[in-house]
């Protein structure tokens, strides 16, 4: 562990973006401003602000936010004393026009996110962000679903489009430290030395901190976390804990250990609609390696067909389903109900 003594990392805050998921994208401008100012004062260098599903995420499918991306970004950016602001963009949801808008409002970092086997859809957005001279990140989601060799190919594609940092993203909170090490080591070795490596964790198996430290050991210099863990599932890596652990290990974050605790406790916990914890549902997501948005579909299917949502989620994980295949959840539930003799004869 002493090998990390004196190493510096950039802690990237997710409270105001991934944290939009448990808030159903309904954070107020005042909540955004207050939390962002607290994070800024605590020394957090980079803060992500958008709809939970990124720029342009406002839709029937993903949820309508309380305010537009422009309003959220416009409220936060002028107040920042030292922190820079980032925005997430998923090709197919966010467009080049959203990217331009973000740049004009003063967004410093753009993170272009794709499924971990689909980096090729990011070329237009990554190359355009680089043209705008933005800090440009390629963000490979659900990374447990690709092999280290497969992730290397995808990471190199994003790097070739112009990304100056590549993220390995554990969207389901499925990975264990050894999974993180084998993937990040391979990607770190394959990228140019000047290309940064990042890690985004979820706490569904309580591995957020351990995985983040494993990532730092493999050369990651950017680590995502959220105050009080506010994020999808059991939340993101809790920032106040990560900062304290890094401090104990001699890893420099530039974030004040006490101030970030106060932001989490005094500003973030009071706005939670429900406790962010490892409940049965979040644990199943992590155990089965399933994307968080499948949960409600699985619960609906349970009511309709009598197959427990937990069993269905495990099966979806086994089949390697990814975001966008929500229609297959119904099909899988129907098949399982048939196999278990839960359907009336005429339906079978």
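Note: Cβ is positioned from N, Cα and C throughout, glycine not excepted.
Per Swiss-Prot, the features are:
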- 21: active site, proton acceptor (ACT_SITE)
- 17, 18, 171, 200, 291: substrate binding site (BINDING)
- 18, 200, 202: Mn(2+) binding site (BINDING)
- 9-261: domain 'Pyruvate carboxyltransferase' (DOMAIN)
- 17: site 'Transition state stabilizer' (SITE)
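Features per Swiss-Prot, on structure.
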residue	record	Cβ contacts under 8 Å, 6 or more apart
17	substrate binding site	48, 49, 50, 51, 52, 54, 88
18	substrate binding site	48, 52, 224, 226, 230, 231, 232, 235, 236
21	active site, proton acceptor	52, 231, 232, 292
171	substrate binding site	141, 142, 143, 200, 202, 291, 292
Over all shown protein chains, what is the count of other CB atoms within 10 A of the CB belonging to residue 291 (substrate binding site)?
24
Around the Cβ of residue 200 (substrate binding site), other Cβ atoms within 10 Å, all chains included, total 29
For the recorded Mn(2+) site, whose residues are 18, 200, 202, find every other residue on that chain with a C-beta no more than 8 angstroms from the centre of their C-beta atoms, and list them by sequence position.
14, 169, 170, 171, 173, 201, 224, 226, 231, 232, 236, 237
Measure the Cβ-based neighbour count of residue 202 (Mn(2+) binding site), defined as the other Cβ atoms within 10 Å of its Cβ.
31
For residue 202 (Mn(2+) binding site), what is the secondary structure by DSSP, using just helix, strand and coil?
strand
Let me know the largest Cα to Cα distance in Å among the substrate-binding residues 17, 18, 171, 200, 291, as an integer.
17
The average per-residue pLDDT within the domain 'Pyruvate carboxyltransferase' (9-261) comes out at 95
In three-state DSSP terms, the structure that residue 291 (substrate binding site) belongs to
coil
